[in-house]
Amino acid sequence: MTDTKQLFIEAGQSQLFHNWESLSRKDQEELLSNLEQISSKRSPAKLLEDCQNAIKFSLANSSKDTGVEISPLPPTSYESLIGNSKKENEYWRLGLEAIGKGEVAVILMAGGQGTRLGSSQPKGCYDIGLPSKKSLFQIQAEKLIRLQDMVKDKKVEIPWYIMTSGPTRAATEAYFQEHNYFGLNKEQITFFNQGTLPAFDLTGKHFLMKDPVNLSQSPDGNGGLYRAIKENKLNEDFDRRGIKHVYMYCVDNVLSKIADPVFIGFAIKHGFELATKAVRKRDAHESVGLIATKNEKPCVIEYSEISNELAEAKDKDGLLKLRAGNIVNHYYLVDLLKRDLDQWCENMPYHIAKKKIPAYDSVTGKYTKPTEPNGIKLEQFIFDVFDTVPLNKFGCLEVDRCKEFSPLKNGPGSKNDNPETSRLAYLKLGTSWLEDAGAIVKDGVLVEVSSKLSYAGENLSQFKGKVFDRSGIVLEK
């Protein structure tokens with residue numbers, strides 16, 4: 001333990017021990033134990049170096065770089081499903097075949113709390129107000145059940161790896177237990193935690209303290225998924241289960257097509273090692289990350305990084321050249337994860353976020369609740385590994401926004417991306433499936449179609465000719 005203390009002092013963090021003599025023996029041990037947990041993963045000197053590098057990286061990327069060549073993905077890497085039902089059917093068959101062989105697993109990023117939604121629960125527990133009152137977790141679980149039903153002769157259980165965070169882990173597990181895992185086998189679900197990183201002062205040279213025995217810490221961003229996969233030995237679990245393909249998505253999109261056979265089939269057909277879904281930008285100036293190439297390497301660029309001229313540029317078909325909006329929905333070949341995971345964890349850059357961080361001042365012994373940003377939180381971005389994948393092994397599939405993307409970011413009554421927009425998108429999609437199946441739906445009527453009944457509009461022929469003349473109906477299996 002004394003080695004831990006020395007490690008932090010040598011890294012210039014003697015302020016952490018300013019009140020050492022006034023701490024009780026128990027508090028001294030607790031402080032050292034907490035510091036050792038942090039330093040066992042990354043030395044304090046390395047963390048401080050990472051923060052300094054992130055500050056430099058931020059300064060270097062704070063303006064539009066005219067020396068960088070930004071282009072759309074080439075046709076060999078980019079394909080649209082819009083108006084392309086023949087290809088969609090082909091990919092569906094390929095993906096469903098892989099699911100039937102037990103080769104597909106799903107990773108869900110579900111570490112967020114529903115704070116902005118006015119809820120203290122994990123975001124996945126949130127009820128968007130459907131007639132069925134189903135939560136996001138239940139909707140997603142039932143999509144897996146439906147897929148398993150479609151290959152039931154194979155007796156497949158799709159492994160579901162759910163990444164939580166320190167604040168949401170216990171509540172998430174309890175929620176699944178209370179609901180009997182929504183009909184899934186408990187053994188096919190694995191919970192694991194996202195990592196955390198210490199917070200720094202604005203100079204990036206000192207750690208901030210939460211209280212006399214703890215550093216202030218925060219989640220390490222969606223890019224922390226890779227280190228979490230490594231530290232929780234998921235690759236070894238993929239091997240044990242015979243998994244070859246991994247589908248990754250975020251909890252807050254009610255339209256997510258979990259373990260999407262079409263997307264998986266797209267990657268298999270073209271031999272892609274990493275693939276991502278995109279939705280078409282609504283207009284040239286929609287503030288959304290764009291999937292593109294930077295100096296002929298795949299990447300995601302922020303809207304703020306490109307000039308107005310480039311944002312508005314159109315191709316020969318009159319479409320925006322840069323139109324592939326990022327929805328953080330990925331495919332990974334397990335062989336890629338085995339090969340590159342270590343180097344990703346070692347080499348991925350950190351990004352800084354200046355935040356108002358409640359802190360304890362060990363010199364004065366006082367707590368501060370700042371009204372202005374007083375510190376730096378570090379985070380990693382999941383797409384920062386894209387440029388390590390050869391362009392011919394990287395794919396992007398454009399999907400229909402109305403069918404696949406309705407994020408839940410903001411609370412009830414807000415301008416967009418709220419429970420109302422999510423609920424409407426979900427009900428409209430199910431209702432459109434019924435109409436496609438030959439049902440007669442009166443104007444203004446919306447029907448909820450359970451994910452257990454239909455995954456993507458199939459299995460609804462029994463409603464042909466049936467009249468739906470009121471909203472609030474839930475069609476269950």
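One is the number of the first residue shown, and numbering goes on along the chain from there.
Glycine is treated like the rest: Cβ placed from N, Cα and C.
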Feature phosphoserine (Swiss-Prot), candidate list Ser40, Ser80, Ser461, assigned to Ser461
Between Ser71, Ser218, the phosphoserine label in Swiss-Prot belongs to Ser218
For the UTP site that Swiss-Prot gives as Met109, Ala110, Gly111, Gly112, Lys123, Gln194, Gly221, Lys377, the extra residue out of Asp149, Asp153, Asp252, Asp400 is Asp252
Taking all protein chains shown into account, the Cβ-based neighbour count within 10 Å for Gly221 (UTP binding site) is 21
The recorded positions listed are Ser218, Asn222, Lys409, Ser461; by CA-CA distance, the one closest to Lys123 (UTP binding site) is Lys409
Check: min Cα-Cα distance from Lys409 (substrate binding site) over recorded positions Met109, Ser218, Lys377 goes to Met109
For Ser461 (phosphoserine), the closest of the recorded positions by C-alpha position, picking from Met109, Gly111, Ser218, Gly221, Lys377, is Met109
Least surrounded, by Cβ count within 10 Å, of the binding-site residues Lys123, Lys377, Lys409 is Lys409
Counted with DSSP (H/G/I as helix, E/B as strand, rest coil), the motif 'Substrate binding' (109-112) has 0 helix, 1 strand, 3 coil
Mapped onto three states, the DSSP assignment of Ser218 (phosphoserine) reads strand
In the three-state DSSP scheme, Lys377 (UTP binding site) belongs to strand
